[in-house]
Amino acid sequence: AEETSFVFSKFKPLEPNLILQGDALVTVAGVLQLTNVDKNGVPEPSSLGRATYSAPINIWDSATGLVASFATSFRFTIYAPNIATIADGLAFFLAPVASAPDSGGGFLGLFDSAVSGSTYQTVAVEFDTYENTVFTDPPYTHIGFDVNSISSIKTVKWSLANGEAAKVLITYNSAVKLLVASLVYPSSKTSFILADIVDLSSVLPEWVRVGFSAATGASGGKIETHDVFSWSFASKLAGXXTKDSSFLDGG
């Protein structure tokens, strides 16, 4: 498929178009809950969950040299009972079709080593709430681009609004290899943006899965919720000379 698009305005408890891994589930209220909470809604430690779209996405084509541009938007909240002890974060990712949950905690279910490795074939936009110094994390909550490594190639400070719904738009323009992520809190009108050049065709396989991964801390009460309320995605294979990036505004 040269073009793919889908919209989840909310999620269904038995959603056929979602692959749930680890602790991820859809609540009766239609919320994609990536990590565990107890019966009182309190997040639990050492939890890891992922959710991906059921169909693989064609991100580039070796026969034609075409590379996809894409736009995805989603709404999520992170809520920590104690803002002083939070971990670890949520990520939107593109990874090989056979990708399975990896190490939890600071690895966010996407990697298993602090060392970069081309075999991961993974690109992620992380919303990271914990400073893992071994991953060269900055000393604050941040948005980061992860390319074959949990150590981000670029980060920007992100002021987490505890329990507030954030709206995220991530776009990739294949003509100029530009990856852009923005996060807005509509209630407080604060926004954060990160952009960098990433050549997806040199990192990812031709077909990928797209979705979310999240994890809580293993010890010390470093816990938070990771809830996704809605998600849309559109991609289109395009040549380098294309002018059609109209869908990149995310609708």
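We number each residue from 1, going along the chain as drawn.
Using the three backbone atoms N, Cα and C, a Cβ is placed for every residue, glycine included.
Predicted, not measured: the structure shown is a model, and the values here were computed from it.
According to Swiss-Prot, the D-glucose binding site annotation covers D88, G106, G217, A218. Counting Cβ atoms from all protein chains shown, D88 (D-glucose binding site) has 28 others lying within 10 Å of its own Cβ.
Counting only same-chain residues six or more apart in sequence, the Cβ atoms lying under 8 angstroms from the Cβ of D128 (Mn(2+) binding site) belong to D88, G89, L108, D137, T141, H142, I143, G144, S152, T155. Secondary structure from DSSP puts D128 (Mn(2+) binding site) in a beta strand. Look at Swiss-Prot and you will find E126, D128, D137, H142 tagged as Mn(2+) binding site.
Here Swiss-Prot flags D128, Y130, N132, D137 as Ca(2+) binding site.
Around the Cβ of N132 (Ca(2+) binding site), a 10 Å sphere holds 18 further Cβ atoms from the protein chains shown. Note: the Mn(2+) site is recorded as E126, D128, D137, H142; in the same chain, G89, F127, T129, Y130, E131, F135, P138, T141, I143, G144, S152, T155 also have Cβ atoms within 8 Å of that site's Cβ centroid. According to DSSP, G106 (D-glucose binding site) is assigned to a helical segment. There are 26 other Cβ atoms within 10 Å of the Cβ belonging to E126 (Mn(2+) binding site).
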